[in-house]
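Database features (TrEMBL):
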ACT_SITE  A:307  active site
ACT_SITE  A:315  active site
ACT_SITE  A:354  active site
COMPBIAS  A:165-177  compositional bias 'Basic and acidic residues'
COMPBIAS  A:181-195  compositional bias 'Acidic residues'
DOMAIN    A:231-265  domain 'tRNA intron endonuclease N-terminal'
REGION    A:133-207  region 'Disordered'
């Protein structure tokens, strides 16, 4: 009567190690911060986003597939003892053009833009690069790693990408220019005594520009990175609420003001009509130690995918469809099934070697609106997991085990 | 009269040689030969027909390679036609049976069963039952055997055709067409399919006691070697089920009581909290009220611009400890009388004795200390935006508390409210314990609360299915536990919701339920099984 538990399938190539199952470190007392912008929860600080992602696999980088690892280039080379990203001449000029147009859009006059671009595209001496790197604590590690690079091959670049993730946030080009000017003029970083949540990260970037083989013959020159691309970590509503409510390690700010738990609950409920059901399911699976990831809708037609430990280690084991039921177990289905759609979904799920799970959240009859307005109502809900599978009647009879 | 239907090729059929229903076995009549030119349909084969039937090719049409889309070529058209013709000819084959091998039965509409009039064949091992000393078949079994060519059923002395069989045997009282289709599908694959009888299923209480199951397939009592009570088998189970129902009702009531008690407990702590916050709110501004009172009494002398706050930037507070070289005048002028309480007269103040009491020596600092001093002088707490937003000392203290909370990992906006996080991140805890701590949503299983649904009627189990490899040892009197139970529905019916799944699970007990979905002859099977995801803790 009970479905058997099938062991999750490990991925063929596992290149990471699990840091921690959840982003908790009592000794460090780190408290993470996220902003609620335009109905999305974003973590801007790179350190926070790294910890939140790597310890529990919450969230997704906005410019990347999973963890925020957007880089100006995917190719890295060693150049005079330092590891730098490589960019072709054409691409470099394109980047410079973008900076120019951004500055003109800000209202700069042509001459100023031209001067800035000239200044930006000066070739850099390697001593400057090393000085820069030596001047900052974070970059020291980069320098050391730069020396270590020659010994390791291949698998190094993903690690380097992680350390290089410190890029700045700059939707406004003016601010980017001022920071560039800062880095032009003074090599020290201003210690920020102001505890503003401004995501300023020190450290200009350098890159290696390869001139076209026709003209320069593959000559490599070190230049400054024209602009910085920032990447945030985006958390889904359920992930953010879990970090705030269950673990107490995240705060969500709306227009610089932190939201309390009840305010966050109400905000999320207004953003999504059945937030309670989807959050209850998310919470349930997290409290079993599994990693639920949303976004399975576009790929597999379901609400959640369940991973053991995290996406880099195992293939997803279950595709979960969230349903709600009332006290008499009658469902008011969030997505009504017909046999045709259920058959289709079952086939798709079997084709990708996963199991289809329907997860029912059962609401007691006497749950009032006032109770629903606070996350304490979660204690009154119940979860029923049902595995749907297709039975083939004509399979080899000798090999048939229990259904 | 005997129309032939063969929708699947039955591998286990020997082609037998008679189509006749009434004649005695073994007679081959030649008298019909002359009339055989298509006018009169004869059921007994002429020798030439018999020979033709016997030497029929047994080849099953082979499915060639698939063409994915039409290419309007003659070759493709020919292939398709050839293939179609093969199939049509196979379908239109008349099946030839030997009279002697046909078992005869009689349809009894009053009891809706078929009574056999000649001894049953091999099928008796898994089908049929005995009643009143005779061998009988259930209507679906009879129809199936008719389609197999093993059985001939008479009604009012006339043999029934397959079409008659479908019309008469399948009805609301017996088995519906869809259920019969599933029955036939499973039987042809070799499964043993028996009807499901809910009353013969022991209740969960009886299962707990591990009572042996009785099987009365047609409602007849079977003698058991051990009987736990002298009464017939049906009544103990009935009383058991009633007692068990009462038990379940009472336990459910207890659960509900506990829930309501829990709720009451929760309600109590809330009102006192509300009160204390009100007090705090009132208490915060008591000194503001007093200041207002004073300024009113002073008839507008004290406060400028009508606000209750003084403008401290315009009031000079002398710094007696200043180390600057400027000499202070030896006495201080009295302050503005509007700043003083009423009836207080202040004159000039001689500060020389005070300055003597103060240690005005310069402190010698090392270079580091001087640098730090310089930075400290430059640092102004008021440069901070958040500090500037505080309008009074109380708000500044709140800001300090908030910062402290944030620094220590327990920010005020999370911890000083009605709903606090489930876990304090500053507390070290093992992962397993943490998962237990945050498990606030209870898992449940299918049978929980399912007894409430037992009177529902819409989803019913029809069949018990036994695996084919048990056929050799199968005993109808004691079939044992079925492999699964079947519930049949149509493809256009709604998908079972949680209520239906629970109802079926309740009816079935511990045997998995398979739902057969019939789509005009195509049958798919789905299971909805209970599941509990195991907790996964890895160090």
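Heads up, the Cβ atoms here are built off N, Cα and C, so glycines get one too.
Those TrEMBL annotations? Automatic predictions, nothing curated.
Within 10 Å of the C-beta of residue A:307 (active site) there are 21 other C-beta atoms, taking all protein chains into account.
Cα to Cα, residue A:307 (active site) and residue A:315 (active site) are separated by 7 Å. Between the candidate active-site residues, A:315, A:354, the densest Cβ environment within 10 Å is the one around A:354. Taking only the Cα positions, the spacing between residue A:354 (active site) and residue A:315 (active site) is 9 angstrom. Per DSSP, the secondary structure of the domain 'tRNA intron endonuclease N-terminal' (A:231-265) breaks down as 15 helix, 10 strand, 10 coil. The average pLDDT computed for the domain 'tRNA intron endonuclease N-terminal' (A:231-265) is 91. Secondary structure from DSSP puts residue A:315 (active site) in coil.
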